Amino acid sequence: MTVTEMSWRPQYRSSKFRNVYGKVASREHCFDGIPITKNVHDNHFCAVNARFLAIVTESAGGGSFLVIPLEQTGRIEPNYPKVCGHQGNVLDIKWNPFIENIIASCSEDTSVRIWEIPEGGLKRNMTEAVLELYGHSRRVGLVEWHPTTNNILFSAGYDYKVLIWNLDIGEPVKMIDCHTDVILCMSFNTDGSLLATTCKDKKLRVVEPRSGRVLQEASCKNHRVNRVVFLGSTKRLLTTGVSRWNTRQIALWDQEDLSMPLIEEEIDGLSGLLFPFYDADTHMLYLAGKGDGNIRYYEIGSEKPYLSYLMEFRSPAPQKGLGVMPKHGLDVSACEVFRFYKLVTLKGLIEPISMIVPRRSETYQEDIYPMTPGTEPALTPDEWLSGVNRDPILMSLKEGYKRTSKIVFKAPVREKKGVVVNGIDLLENVPPRTENEVGQHHTAPSSPGAAPLLFTRPQGWLGLGNEVSPVFTPILSILPPLQHGACSSGQPALPAGRPGISLLKAFPEILPWKNTGRSWGSVAGRIPGGLRSSHACTPPV
């Protein structure tokens, strides 16, 4: 029989990862009793590194998240200390890849904050961030650290802008303003010279981040993109989204030509968002659906069919989000190649899931642990901003990762002022509201000469400290005469009365809160610091 006569037979691939399996940690090695946030924002609400696990939690007012040392497994006490400095819900958190006790968070209060976690974890609630970054005029939904440069942070807000922050000076240094709707996802290539974004306008973009120039753009009509990830140094992108028949779908793209996807593959007919995770060391792709209990994994090849299905990890408990352990935090003695931290909201549980390559030998397996990006930055912020690109500094996992980073974060001292990037004041140029915001903010009837309402984000308000910003000047000027002195900060005091008098009862004509449908926490967060700290601002009866 000739070879051509046998060509109909299926081709079987030999892969060292075809038997990878998922192993769930025992209950005593899980994190239990955690009030995981019920926010429906499409993020993971979890971040992990080799020392700490951070989880966004449910809170009555403002936003908070827990930071737990990895060795402190088991049940977490209800009064465990939290990071609780935000005045709105926390939407995203990310650990600094080079300094393991520095974490960035973003929130509905339009701020990005940098926190320094003390050695050994929190002993009391942390409310003071080492750095507060104000530049977005609407809530901030995403933060991402640059993969090779220290102290460069990207943030994407509902004002359709991506800001690049230089944390050495605590200011935004670049602005990417090419999107026409809310940015859903950001992903970097290996050296951080390219940024891929997906947007609610159904477009996939590849952007040069320093200039903000769009290099490639795909208008996805048959594949409505949600998430994107660079596939290492293969010059390819993978997106997850929805097909025209509302089935979940993945697509593979050439980063230099986004006119047509290389392949499209339908996954299933479920409705949950698909989160992609790519391991550049093993060339494995993991797909986890929000609300699913399973994790599918594939191997990425350089030739057709490009995508080879391996296996599926199954669990009955649905996942709200997943944190991913960096490579240097894995257990190489157990042949662990990936580790998820699964958020199970119904049980208040964080469940580690280890992806393991079965091997009989107990020696170090060099074929599954190549040199991998370490914790040393390849560039300084000034070098990267000047146009230098450099691959990450690699490290070996052979001896186990014991070295601690010598880099220390130093917060810059800066004055409070307006934020101007590329000659544009970011807080004065507010785009039209999104459909979601229009549905949430009902317009209250206004009378001639009425002051701006405090429950919306006023233009020009930074909301810092106890100062009254210029936007409150017209409000204070039309208030009824106050006969009971002023606060220690020089601001007008509220009228005297029984303890617990609310600001809303004192000034009902400028705070028509009951007609807005907004929560009291979101209103109280907009009140100037001096008024808020000097009087009990309780919601009206």
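Including glycine, each Cβ sits where the backbone N, Cα and C put it.
If you check TrEMBL, you get these features:
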DOMAIN    10-74  domain 'DUF1899'
REPEAT    83-125  repeat 'WD'
REPEAT    133-175  repeat 'WD'
REPEAT    176-217  repeat 'WD'
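Per-residue pLDDT, averaged across the repeat 'WD' (83-125), gives 95. Helix first, then strand, then coil: DSSP counts for the repeat 'WD' (83-125) stand at 0 helix, 22 strand, 21 coil. Sorting each residue of the repeat 'WD' (176-217) by its DSSP state yields 0 helix, 23 strand, 19 coil.
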